[in-house]
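Summarising the annotation, TrEMBL assigns [4Fe-4S] cluster binding site to Cys121, Cys125, Cys128. Under the heading domain 'Radical SAM core', TrEMBL lists 107-330. The feature N6-(pyridoxal phosphate)lysine is assigned by TrEMBL to Lys333.
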Amino acid sequence: MHIIHSAPAAAVADWREQLRTVISDGASLLRELDLHPEQVGLSEAACRDFPLKVPRAFVRRMRRGDPQDPLLRQVLASAGELAQAPGFGPDPTGEVGGANPRAGIIHKYRGRLLLVVASGCAVNCRYCFRRHFPYADNRNSRREWQQALDYVREDSSISEVILSGGDPLVAEDDHLAALCADIAAIAHVKRLRIHSRLPIVLPDRVTPALLDALNPPGLQSVMVVHCNHANELDDAVAQAFRRIRERDMTLLNQAVLLAGVNDSEDALAELSEALFERGALPYYLHLLDRVQGAAHFEVDEQRAQRLHAAITARLPGYLVPRLVREIAGEPAKSGIPPLPPLA
Ligand SMILES: *Cc1c(COP(=O)(O)O)cnc(C)c1O
Ligand code: SF4
């Protein structure tokens, strides 16, 4: 009997151990990849603002010796981050002001409310729109959780609660289980959505205990993962997707359009195909939020429209993500209208 019970415990210890032993300095990362700092523009100064952080499971999918690797580019603290660019600021999506009515809540859109469940992530994506978010003011104790849940209880127009962060899946299973059970007990909430990059960057996080926590009776659960390039999808991720789908969860992906990572017709088409092969549907393709330090990732809107038109012409409709931009104060994410593809 003891042997049976020790198996899930070992798996849980493993994801925590992987989270504790993420790579957090550029020199070690580059050593793993047989690269030199000057080949990639590594910047220690950029790390001081927003530390370098990447799980080894993600590093293993990077190509050795390739300074242009699309996965490396997403996590490497580079000198480009120090440039000041006009129009790029600390809070491009307007989350710090009026949309943040109580600690840990972002209520911007009708019927949906976002809970900031955890302050950290397993990976620090250099283009992240929350790299300057005041997480310290949004770290909730259990008592504050009840106040956030009271807000949901009091507003019967809220039919969907979105767990976000940071990355909500860095929280412990028992915490998530208690929170999800409390949400399931609110009659007007029908759906629970989880926005997480962990199934991609640290797929061992997707344990049976986690999936139990995220699927309380009475709620439909939707998992929205964040993958930007087909190379991010290895066998371990495919297995994590399978475990999610075995619970009848809807599995969607959001990606960010990033210069030097996925800003080509082929990269975007291959991403959609690779996601679908593993059971996930593309949902959103975000234009970059204009966050300070990320200007070197920007793809201008007209090119974005043309790339989107090109994949629309090439793929079945269900494999074409919606091209959107977040505009502070707008009632929903704003769709970007298509342009004709370049001949
Ligand atoms: C994206 C987002 C949502 C969800 O929007 P959908 O269009 O339903 O995907 C909700 N709240 C916030 C703050 C968001 O940024
Ligand atoms: S996982 Fe998501 S929230 Fe965390 S740094 Fe990356 S993009 Fe930002």
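Glycine residues also receive a Cβ, built from the backbone N, Cα and C atoms like all the rest.
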Listed in sequence order, the recorded positions from Cys125, Cys128, Lys333 whose CB sits under 6 Å from ligand 2 are Cys125, Cys128
Result for ligand 1 contact check over recorded positions Cys121, Cys125, Cys128, Lys333 with Cβ cutoff under 6 A is Lys333
Least crowded of the binding-site residues Cys121, Cys125, Cys128, counting other Cβ atoms within 10 Å of each Cβ, is Cys128
For Lys333 (N6-(pyridoxal phosphate)lysine), the same-chain residues 6+ apart in sequence with C-beta under 8 angstroms from its C-beta are Tyr284, His286, Arg322, Val324, Arg325, Glu326
Residues sitting within 8 A of the centre of the Cys121, Cys125, Cys128 CB atoms ([4Fe-4S] cluster site), not counting those, run Val123, Asn124, Arg126, Tyr127, Arg130, Arg131, Asp167, Arg197
